[in-house]
Amino acid sequence: MKQIDSEDSITVPNDTPEDNSASSMQPVMSNLSIEEHQSENEPIEQEQADAKDPLLSKYHLACQQGDLATVKEIIENGVIDLKHDYDDVERVSGLHWASINNRLSVVRYLISKDVDVNFQGGELNATPLHWAARYGYVYIVDYLLEHGADPSVTDAQGFNLLHLSINSSNIMLVIYVLFFVIDDKLDIDCVDPNGRTALLWAAYQGDSLSVETLLKFRASVKATDKGGFTPLHWGTVKGQAQVLKHLIENGADFFQKTADGKNCFAIAHDMNTTGSLVGALYQCGFNKEGFAIPVYFKKSLHTKLVTFFAPWIFIGVLFKCFASIHPIFSLIFSILLGLGMRYTLKKYVIPAYAQRNTRQSFLKTPFLAGVFSGSVFWASYTWLTRIMPLTLIEEPITNLLFFAGVVLLASLFVKLVRSDPGLIPEETDHSKVKETIKELLNVGKFDAKHFCISTWVRKPIRSKFSNFSRALVTRFDHFCPWIYNDIGLRNHKTFLFFILCLETCIFVFLKLCMEYFDVLEDTFEDDYDLNCGIFGEDLCAGFFFDTFTFLVLAWTCFQGIWVGFLTFVQLFQTAKGVTNYEFSTLSKRRHNHDSSVNEYFTTTPLELIDEEEADPLNPVIPGNNPRDPLMQKSRTCFGICWTLTGLDQFVMVIKETFGVAQREEPRNNILSFKISTDYGWRTNLKDFWLTSDITAPTWQRFLYSPSCSKALLNGEEVDYFKLYKLPERHYLAEEIV
């Protein structure tokens, strides 16, 4: 952040939300060095120095830059009277300047000298609390409130602490104010002179995080300003779909009219935000006219079962169709059948339990889990009815192995679908949330990196909030649509057993099919002269004499290819002691050169910044660099398939491991970035494959997954629910891979 040298930079008109759009900026950092501040702002400082007392200018400059030594020298020498440390024209005190520049040490010192924390000055007649809140400086706000600052005081625009917190768009400050100020000193629906509540301002700014949090504290969606606008009306003006969705879900009336007789549909038409409004309506169960979409199933379980079993039927019909009629007609029929099934599911089935009108919604349903299980079903059916009767005598062990593999595979699949990936429960006790916030403030870690803004708990290292599970997942790896669940600490090992078992079953099935086709060739070789070009005689016999089984084999082998890539990636990342999510984030972070994005809403003062914050395991989420191919999420059909099969991760591993992504840079390590949880391959594998219960037999530690939140990390037992610091690394050089 640039140092603030003039109140003009924070002046906000008091007319309409349009005039106040400048105040809805993202939180900004104020951790530049003094030298940077001096070079950037020297002309303004000199102009100010010419206009007022040089000693006062020096004092204010020291407050702005956090030069505590100079501030102490001036105060203790009696050069400045703290009861009058401002210019009579500007009326901006040293505490104002220290507050708006996030200089906590100066703020502490000035308050220790009994300055007036509620002194109102500047063009807006605002207090230091207002100045700090406008820029989202939660540490300054906390300290000022603890030392007597009054949150109910309003500035010349009629804004109090809550309004200015919303204007800052810093969700961390909003959460702090809601927990520590609202109800006791402020009403959540308090209004400014134009009748606008905090929720109305957040909706206009398109700040979905603040809107969601305000609604959790029961902010009114029915409140109207002097123009008759509700939060939904102003949200429609902005056109942020998530904001509209949150408001509609909480009972906002989209038919309600403003004072000039316009409802949300008319406003959306005028502001060209109809697409956002219609999308939000569909996600909340309404059509584009605002009427409820009919639901044809009473229980979501029933609709999920329909979605799950639909691919079973489709795959069987598809194989039978291609095995029975001409390929051209089969292709046309299959496309029509697929489109019809997709339309039916999205219109009549999925709306009963999933969000609508989003490209990713279909992937967050049991459909792909049904595709996998349906594939296993038809492979098993083919084996049981066609392959086994003709190969049991020749290959009894192989048939028994396939049967055992399918049973184990089905058991692991059911276990994974029903498993707990390691969910950290949401904290509902507000007193405990307050304790957590204060604890993080004291150590300089109250930001979205260390505090979950959705579940209100301190975020352990290696955890991530899952939109699917709506909870924090410990040692989060990825969401797997093929098992309809997240993969985390408590089911990651089971998942690896699952894909290893699946790959083994595919190879065994291939061997049995080739033996079966050989039997068919021997049976019919005297009656037919087969010629299939590049295919061998066995495959040719299978294609001609049992096309259905041939197609099942082809589909199964295709699955085996991408599962093989997935297995390689998982085993590689396990040996490196990193999860899929961590590896992807680290790779993207290396390619991201935009350091201006503050995705974690960090406003930690310099005095509280910890060196551990340089830990690359929890990096700042990359910004949007359209020229960086690794930063782009493909929205094409091919791109989605590429992601679903895990081939994108395989390519990323190859690039980062062998330097394909960055050939121009000299590299001494096997990876182009440091992994904080890589303790050497032996230790990493032990941490992953063995539970932390050293009293249990080794076989049990290997086969069982963690039953609680405790697991090994660097050979030590750690509680992943409370993992806030990584164990120190100590591994041998020969262990590095």
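Think of each number as a place in line: the chain as shown, counted from 1.
In case you wondered, yes, glycine gets a Cβ from its N, Cα and C as well.
For the domain 'DHHC' (450-500), the DSSP-based tally of helix, strand and coil residues reads 9 helix, 14 strand, 28 coil. Per Swiss-Prot, domain 'DHHC' is recorded for 450-500.
On the 0 to 100 pLDDT scale, the repeat 'ANK 1' (54-84) averages 92 in the predicted structure. Among the features that Swiss-Prot reports, repeat 'ANK 1' is placed at 54-84.
Broken down by DSSP into helix, strand and coil, the repeat 'ANK 2' (90-119) contains 16 helix, 0 strand, 14 coil. Sequence annotations record features per position, and here Swiss-Prot assigns repeat 'ANK 2' to 90-119.
What Swiss-Prot records for 124-153 is repeat 'ANK 3'.
Residues annotated as topological domain 'Cytoplasmic' in Swiss-Prot: 1-304 (among others).
As annotated by Swiss-Prot, topological domain 'Cytoplasmic' applies to 347-364 (among others).
What Swiss-Prot records for 386-396 (among others) is topological domain 'Lumenal'.
If you look up Swiss-Prot, you'll see 418-493 (among others) marked as topological domain 'Cytoplasmic', on the strength of sequence analysis.
Positions annotated as topological domain 'Lumenal' by Swiss-Prot, on the basis of sequence analysis: 515-547 (among others).
Residues annotated as topological domain 'Cytoplasmic' in Swiss-Prot, with sequence analysis given as evidence: 569-737 (among others).
According to Swiss-Prot, the transmembrane segment annotation covers 305-325 (among others). Within its own chain, the transmembrane segment (305-325) is flanked in space by residues 297, 333-334, 337-338, 341, 345, 349-350, 365-367, 369-371, 373-375, 377-378, 547-548, 551-552, 555, which lie at least six positions past its ends and keep a Cβ under 8 Å from the stretch.
Nonlocal intrachain contacts for the transmembrane segment (326-346), taken as residues 6+ away from its ends with a CB within less than 8 angstroms of a stretch CB, comprise 306-307, 310, 314, 317-318, 356, 362, 365, 367. The transmembrane segment annotation in Swiss-Prot covers 326-346 (among others) and is backed by sequence analysis.
Sequence annotations record features per position, and here Swiss-Prot assigns transmembrane segment to 365-385 (among others).
Taken from Swiss-Prot, the feature transmembrane segment applies to 397-417 (among others), supported by sequence analysis. Sequence-distant contacts of the transmembrane segment (397-417) (same chain, six or more residues past either end, CB-CB distance under 8 Å): 369, 372-373, 376, 380, 383, 388, 391, 480, 483-485, 491, 494-495, 497-498, 501-502, 504-505, 508-509, 511-512, 515.
Beyond the ends of the transmembrane segment (494-514), by six or more residues, the same chain brings 379, 383, 387-388, 391, 395, 398-399, 401-402, 405-406, 408-409, 412-413, 415-416, 419, 477, 480, 483, 487, 538-539, 542, 549, 553, 556-557, 559-560, 563-564, 566-567, 570-571, 574, 705 to within a C-beta distance below 8 angstroms of the stretch. If you look up Swiss-Prot, you'll see 494-514 (among others) marked as transmembrane segment, on the strength of sequence analysis.
Sequence annotations record features per position, and here Swiss-Prot assigns transmembrane segment to 548-568 (among others). Sequence-remote contacts of a segment are chain residues at least 6 beyond its ends whose Cβ falls under 8 Å from one of its Cβ atoms, and for the transmembrane segment (548-568) they are 315, 319-320, 322-323, 375, 378-379, 382, 386-387, 499-500, 502-503, 506-507, 509-510, 513, 516-517, 539, 542, 645-647, 649-650, 653.
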Please spell out the DSSP helix, strand and coil residue counts for the repeat 'ANK 3' (124-153).
16 helix, 1 strand, 13 coil
Given a Cβ distance threshold of under 8 angstroms, which distant residues of the chain, six or more beyond its ends, lie next to the topological domain 'Lumenal' (386-396)?
511-513, 515-516, 519-520, 546, 549
Per DSSP, how many helix, strand and coil residues does the topological domain 'Lumenal' (386-396) have?
7 helix, 0 strand, 4 coil
